[in-house]
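K.L.:
Let me begin by handing over the structure; questions about it come next.
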Amino acid sequence: MAQIIQKNSISVEQNWQKELASGFTDPFSLLKYLNLDPSDFGTHAEARRLFPMRVPRHFASLMEKGNWQDPLLLQVLPSNQEFLTAPGYSADPLEEHDTANPGLLHKYQSRVLLIVKGGCAVNCRYCFRRHFPYAENSLSQQQLEANIAYIAEHPEINEVILSGGDPLMARDDKLAALAEKLAALPHIKRLRIHTRLPVVMPERLDNAFYQWLINLPLQKVLVLHINHAKEVSPQLIDRLAPLRQAGVTLLNQAVLLKGVNASAETQAELNEAVFDAGIMPYYLHLLDKVQGAAHFDIDMAQARAIMAEVIKRLPGFMVPKLVTEIGGQPGKTPIDLRLHPQD
Ligand SMILES: *Cc1c(COP(=O)(O)O)cnc(C)c1O
Ligand code: SF4
């Protein structure tokens, strides 16, 4: 690991951008790579029209060859079921699209979500932002300045969360410049980054990234998004090591997904693997009801039953908080695990 921290950040940064460009965008080439017969795929590829397919090579390398039901594959492969409509599902389940300040969400008192970059390295089919108008939220420097000014004027904010899309899609010089401006505000204590990029493409955690983040004079929290134990690769663990050593808090959030991780056993394995990697389980989200993702849904009663079993199997500090997002609430809503008669 020590060799990675060298003064060759420019070439390393080009590496992750090359890696990003080499990802799978055509389901048929991904199926071929996985030794799956494309003639069994039917008309599922049509769902690309709803949300393009994007799968980095590293993420594909973690999938089991020849297995249509691979839990990583199911998260990213377009499916006919995305055309189904279901009651209660909408294009904007969290009512985020209409915002007075584009690129800024201040729903919870002490923390604000800054959308740094639209788009992700991977397109997760269940994503609650799959219909998000990223083009309109692609920030001009001027809007970003306006959002920083908003944060400067709101002393109740002590934490800035970089989000997206995936904020690590942005270049490190841009991120470093933004972080420096935030660190200069006296009421800001913490910088949090919500990202799935290191999981699907560990190469993203490179020297240029370490340098600005580790030296930033704020508390630093990196919230990863890992849904299955198989996503915790040796490469990810290796690239996280310098961050752990530098005292960056590493957390994980996952989404409870049918066919992917919706059993007590899979959840126990996931959170053991996450903890082994030096990451603390943080949240397990119920699926946000976004149109096209209903086939991933696990209802509240099933989710409670799974977590009631998980708390028997894991020490308390390895159990993520089961939460859901309810419009208008001052924060995420924790779900009570006691069994309810109406379940
Ligand atoms: C989830 C979320 C946060 C962060 O909430 P925590 O409970 O602190 O993790 C902040 N703002 C918005 C809009 C969110 O959706
Ligand atoms: S990484 Fe996160 S924001 Fe990006 S597509 Fe997946 S779930 Fe959505």
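For all residues, glycine too, the Cβ spot is worked out from N, Cα and C.
Pulled these features from TrEMBL for this protein:
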type	residues	note
DOMAIN	106-321	domain 'Radical SAM core'
BINDING	C120, C124, C127	[4Fe-4S] cluster binding site
MOD_RES	K332	N6-(pyridoxal phosphate)lysine
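Describe the structural context of these features.
P.N.:
Around C120 ([4Fe-4S] cluster binding site), the same-chain residues at least 6 positions away in sequence with a Cβ under 8 Å from its Cβ are R54, C127, G164, G165, D166, M169, R196, L197.
Around K332 (N6-(pyridoxal phosphate)lysine), the C-beta neighbours below 8 angstroms that are at least 6 residues distant in the chain are Y283, H285, K321, V323, T324, E325. In the three-state DSSP scheme, K332 (N6-(pyridoxal phosphate)lysine) falls into the coil class.
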K.L.:
Of C120, C124, C127, K332, the recorded positions listed, which put a C-beta under 6 Å from ligand 1? Please answer none if none do.
P.N.:
K332
K.L.:
For the recorded positions C120, C124, C127, K332, which sit with their CB under 6 angstroms from an atom of ligand 2?
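P.N.:
C120, C124, C127, by Cβ distance under 6 Å.
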K.L.:
Once the chains shown are all counted, how many other Cβ atoms turn up within 10 Å of the Cβ of C127 ([4Fe-4S] cluster binding site)?
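P.N.:
The answer is 20 other Cβ atoms.
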K.L.:
Looking only at the domain 'Radical SAM core' (106-321), what is the model's average confidence as pLDDT?
P.N.:
95
K.L.:
List the residues of the same chain that sit at least 6 positions away from C124 ([4Fe-4S] cluster binding site) in sequence and have their Cβ under 8 Å from its Cβ, in sequence order, or write 'none'.
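P.N.:
The answer is Q75, V76, R196.
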